[in-house]
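A.B. asks: What follows is a structure written as structure tokens; I'll ask about it next.
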């Protein structure tokens with residue numbers, strides 16, 4: 001059986017990308033699929049009791065996927081400062097290793113799960129290194145994993161139509177096609193419960209972007 005690969009990115013930071021990727025991992029696991037999860041780098045990590053850095057996003061992904069391989073394998077490059085990863089690395093006297101973005105992915109390729117979820121860091125046009133944005137990483141991934149589906153997570157709230165249109169246009173200009181837009185209204189602090197735009201956002205985003213739109217990560221499995 002072929003491995004289904006999904007790259008989760010966002011219209012920006014704190015739109016619920018990890019929440020949605022984790023929910024999709026849980027749904028896939030519950031459907032009897034073997035799941036792999038990978039995040040090339042993370043900033044804003046916490047210090048553990050032993051002095052090690054812990055990426056909470058990676059921890060959530062790992063738990064949701066049933067703890068495959070090791071937590072370190074989920075996110076090998078971790079940095080403390082809650083700023084862009086290349087700057088957070090510099091504050092630790094380190095440099096982001098771009099080559100490792102792909103070599104660190106290999107254990108997951110070798111595991112050959114039914115579903116492999118790769119999550120970027122920040123929004124689609126956020127920097128992963130001094131010379132690579134998330135969109136560049138996605139483009140290089142697609143060269144290696146030609147059937148990879150790119151999922152754009154957006155916070156389902158007033159203003160999301162603009163966010164999605166702008167991101168789709170920018171992605172197209174960069175040469176990356178987006179396969180799904182996931183409107184997230186479930187993660188805490190993402191949307192207001194009485195936001196009237198929730199009734200109309202999905203059809204308008206679909207109309208203006210031409211992308212398939214889902215409103216629950218579980219819906220990705222049925223498509």
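Note that Cβ sites are derived from N, Cα and C of the backbone, with glycine treated the same way.
TrEMBL entries are annotated by machine, without manual review.
Annotations per TrEMBL:
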type     : residues                                       : note
ACT_SITE : 39                                             : active site
BINDING  : 14, 15, 16, 17, 18, 19, 57, 119, 120, 121, 122 : ATP binding site
BINDING  : 18, 57, 119                                    : Mg(2+) binding site
BINDING  : 43                                             : substrate binding site
A.B. asks: Let me check the 10 A CB neighbour count of residue 119 (Mg(2+) binding site). How many other CB atoms are there?
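C.D. replies: That number is 28.
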A.B. asks: May I ask you to report the DSSP-based helix, strand or coil state of the residue listed as 'active site'?
C.D. replies: coil
A.B. asks: For the C-alpha pair, I'd like the distance in angstrom between the residue listed as 'active site' and residue 14 (ATP binding site), rounded off.
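C.D. replies: The separation of the Cα atoms works out to 16 Å.
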A.B. asks: For the ATP site made of 14, 15, 16, 17, 18, 19, 57, 119, 120, 121, 122, how many Å separate the two farthest Cα atoms?
C.D. replies: 13
A.B. asks: Residues other than 18, 57, 119 within 8 Å, Cβ to Cβ centroid, of the Mg(2+) site?
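C.D. replies: These residues sit around the Mg(2+) site: 8, 17, 21, 22, 39, 42, 58, 60, 61.
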A.B. asks: What residue among the binding-site residues 14, 57 has the most other CB atoms lying within 10 A of its CB?
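C.D. replies: It comes out as 57.
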A.B. asks: Does anything in the same chain, at least 6 positions from residue 122 (ATP binding site), have a Cβ under 8 Å from its Cβ, and if so what?
C.D. replies: 10, 12, 13, 84, 134
